[in-house]
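Colleague: For reference, the structure I am asking about is given below.
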Amino acid sequence: MNQPSPKATSRQWRGVIREYADRLDVTDATPVVTLGEGGTPLLPAPALSRRTGADVWVKYEGMNPTGSFKDRGMTMAVTKAVERGAKVVICASTGNTSASAAAYAAHAGIKAAVLVPEGKIAMGKLSQAIAHNGELLQVQGNFDDCLDIARDLAANYPVHLVNSVNNDRIEGQKTAAFEIVEAHGDAPDFHFIPVGNAGNYTAYTRGYREDIAAGNATRMPRMFGFQASGSAPIVRGEPVKHPETIASAIRIGNPASWELALSARDETDGYFGAIDDDKILEAQRILSAEVGIFVEPASAISVAGLLERSAAGVIPAGARVVLTVTGHGLKDPQWALRTADGSDVQPTIVPVDTAQIAAVLGLAS
Ligand SMILES: *Cc1c(COP(=O)(O)O)cnc(C)c1O
């Protein structure tokens, strides 16, 4: 694709493939498909440090072009698909993969077909896939059914699979670990991350491992992954037939990268835990109200996981902790409005009257 002169781009982040070309399977001839993904903020979270006694940082992946970390993998997957001559990519999705695949396919001028579980994906994600001209089909089954069919189609028809079972996705996603090591000068002691298919858990472990091999990092973080209690196959040690959770992005009963995730856990002295939906929503609220970062429910499980492990006494004082928060809160905004009794917050209505508004705001003494 067209690239402006190096001078013109010297202050602009160029997307993960160009930024990390020497650490990915690309050449000068690779037709890079990028929307400028990666280079996301790594922010201190003083409110969480105070609550836990640890030194807590948040990797804000909602700041990617389509609002989730999926873009890091999708730039690689669509680039490699185009390099191999693909005209159509296909994926199964709980929402964010479909939004990302449709956007990158649109940018590349190819077609994206996406299979999503009927009625189970957030409105923001559905509208993204449609907006980017994805061919979106709602399958009358769950995510795991969608992935089975997507794999079937890729094996038997001229379509290219861009789910995280595609190694190009994992390769692109490992760059988030590179960015963390670059920002801090080393890997953290603990890394907390949501787990659905466990592709991202696998990708970070690979990124850190490569940084250690390259001499950029001196240690492997303990990788702590979290699933929703109603959808926790890895924690329970068996597939969940009918996974249920409000965290729709991780509503997966039979993770594609299950085996890889178990070996990554063993390699990193890691951990998999399960968190109830009410704790996920509580953590989402803490992150938005006390840190200023709005994430979708699945992402908040990193925060809930930290609070749970900290209460369990597992996180030493002063430990460097990084939480990956995977997707933007605007993807699935309804949960932020929900009150404890299940009704929605109703913003106060006031007349056009300064004195009365001052009184309502508690400004008048
Ligand atoms: C895809 C996704 C996940 C789960 O990632 P896996 O690689 O499938 O484990 C978590 N959170 C969000 C917001 C996602 O879109």
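Including glycine, each Cβ sits where the backbone N, Cα and C put it.
Automated prediction, rather than curation, is the source of TrEMBL annotations.
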Colleague: Return the residue out of Asn96, Asn133 that TrEMBL annotates for the same pyridoxal 5'-phosphate site as Gly196, Asn197, Ala198, Gly199, Asn200, Thr326.
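Modeller: Looking at Asn96, Asn133, the one TrEMBL places in the pyridoxal 5'-phosphate site next to Gly196, Asn197, Ala198, Gly199, Asn200, Thr326 is Asn96.
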Colleague: For Asn200 (pyridoxal 5'-phosphate binding site), list the number of other Cβ atoms lying within 10 Å of its Cβ atom.
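Modeller: Result for Asn200 (pyridoxal 5'-phosphate binding site): 28 neighbouring Cβ atoms inside 10 Å.
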Colleague: Over the residue list Asn96, Gly196, Asn197, Ala198, Gly199, Asn200, Thr326, recorded for pyridoxal 5'-phosphate, what is the maximum interresidue Cα distance in Å?
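Modeller: Max span of the pyridoxal 5'-phosphate binding residues, Cα based, is 15 Å.
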Colleague: Which number gives the other C-beta atoms within 10 angstroms of the C-beta of Ala198 (pyridoxal 5'-phosphate binding site), all protein chains shown included?
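Modeller: Excluding its own Cβ, the number within 10 Å is 28.
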Colleague: Mind giving me a neighbour count for Gly199 (pyridoxal 5'-phosphate binding site)? Other Cβ atoms within 10 Å of its Cβ, every protein chain shown.
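Modeller: Gly199 (pyridoxal 5'-phosphate binding site): 25 neighbouring Cβ atoms within 10 Å.
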